[in-house]
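**Q** TrEMBL lists Asp113, Asp308 with the feature active site. Taken from TrEMBL, the feature domain 'Peptidase A1' applies to 95-421. Look at TrEMBL and you will find 1-27 tagged as signal peptide.
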Amino acid sequence: MLSSSSAYALPVGLLSLLTLGLSGTDARATPAPLGQTISLSRRTPTRRDGVSAEEWLQQNRLATHAKYGLGTSGGQRKRASGMNALTDLQYDSTYFGSIAVGTPPTSFNVILDTGSSDLWLASDESATSRASGDIPLFDSTSSSTFKDLGQSFGITYGSGAAQGTLGSDSVQFAGFEVNQTFGLVNQTSASLLTSPISGLMGLGFQTIAASGATPFWQSLAETSGALDESLFAFHITRFTNDTSANLQEAGGTFTLGATNSSLFTGNIDYQDIPDGAPGYWIQELTGLKVNGQSITLPSGSNAWAAIDTGTTGVGLPSSIQQEVFAAIPNSQAGSGTTEGYYLYPCSTEVTVEVTWGSSSTSWSISSADFAFQQVSDNTCAGAFFEISSEGSSAPPFIFGDTFLKNVYSVYRSSPASVGFASLSSAALAVNGGNDPVPSATIGSVASVTPTSTGTTKSPVSSSSAGRAIHVTSAAALFSVFIGAFAALL
Ligand SMILES: *[C@@H]1O[C@H](CO)[C@@H](O)[C@H](O)[C@H]1NC(C)=O
Ligand SMILES: *[C@@H]1O[C@H](CO)[C@@H](O)[C@H](O)[C@H]1NC(C)=O
Ligand SMILES: *[C@@H]1O[C@H](CO)[C@@H](O)[C@H](O)[C@H]1NC(C)=O
Ligand SMILES: *[C@@H]1O[C@H](CO)[C@@H](O)[C@H](O)[C@H]1NC(C)=O
């Protein structure tokens, strides 16, 4: 469906939610056929290079991705925390970090996705035939610690399927190392890889990992004393309304095992995951105001939202979407390639306020973030797009980066909850700024602790700071190599 020259696969979290519970090659979420062509003109502040606005919108709504892996990982000795510097790709479309895999370690850029729970990497050219640019591949033969687990797997996309095998290897991320099971993708029928991204790391709970794998972060959280706190946190940046932004910009900071007090102010307002049954990072949406008007919301599980860094916009049921846009003058439902979205005059300022759980605090979504994509001279598509989670275990709402750019977000496993705090001025200063795109650094791992089920090592320091040495074996292969990771051997 996408041409190879414009094959940007954007938010991966969304349909991962919708395809949960499916396995193998079931390709249920079929993209709508391309409808009529609407004339597009670029609104300077919102560009998606290499892909037309309509393609981008459609991909945004339909893109999906894989989930696979297997249980992993063993002991852990040192209490610690670590960080990973993020890159903002394509004006807030995707945020990725960097992991290092194998022995010797090779680095890969992966989308960090709180809306799914499996790790996978492209491992074969055929997996990337429809992707744009050069996608670095994981080569299992170059790692002395790689283990083929002898199992095949399938991955469901919006428009088809991907397949590969399961393997395990040492994976380093944010200063920690875990013997992790992950998917090696050798076949895709739709594009979800965009250079320089090679795969995806799911940061949801193990209960929604398609294969039952324990996600990287959760292995550490469940290992007594491994993390200072059983949580991770995101600060992600905004470049959507920066007319001089580059395709890649500083994307913010991921922190594992701690929060970073320089990035937020005030208290972190934690609300429990409802029903104490974590899978997605669920919050109950208890308040939604658009231009000052309160939107009527369902209650209980009908108001559940996945807090999802891997989705670019905000997905919601069509009846609620209608009410949201009824509060925005001169808006109308899109059709054809903008089906599922609403269009409204770009000049309209839209204020959105969101309340979670029993909290009395509300969080705003900026008008700049609500103006998702310009589709013609004066017309914008709003970031709130229709999804239907019927028949899946996915919640009816998905709050992605459109919302998360406006807060510091914390994902805590014990007690299972999500917290939000106000961004600090230091964090806000990165938006639209000139901070460098992260580059690879190298640290060291303090201890190696093999166990019967795997190997987990703890980091030397509490940050990714380390000697700035590029990983030559890997970098040489890449036309573009960015990202930062904490602890290489
Ligand atoms: C992918 O790997 C599987 C399992 O080894 C194999 O059966 C399949 O033919 C491979 N597909 C491609 C496109 O290489
Ligand atoms: C906190 O975040 C800032 C900005 O990303 C970073 O420079 C600093 O190293 C972080 N501190 C810790 C302890 O991770
Ligand atoms: C982008 O949007 C943010 C949030 O509304 C705003 O604070 C900032 O000034 C805007 N930047 C530009 C360049 O318009
Ligand atoms: C890593 O985990 C896999 C799967 O549990 C296991 O087969 C393998 O032996 C482990 N590798 C190491 C080095 O412990």
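These residue numbers are counts, starting from 1, taken along the chain as shown.
Note that Cβ sites are derived from N, Cα and C of the backbone, with glycine treated the same way.
Show me how these features fit into the structure around them.
**A** Within 10 Å of the C-beta of Asp308 (active site) there are 31 other C-beta atoms, taking all protein chains into account.
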**Q** Over the span of the domain 'Peptidase A1' (95-421), how high is the average pLDDT in this prediction?
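**A** Across the domain 'Peptidase A1' (95-421), the average pLDDT comes out at 92.
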**Q** In Å, rounded, how far does the Cα of Asp113 (active site) sit from the Cα of Asp308 (active site)?
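**A** Distance (Cα to Cα, whole Å): 7 Å.
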**Q** Please classify the secondary structure at Asp113 (active site) using three-state DSSP.
**A** strand
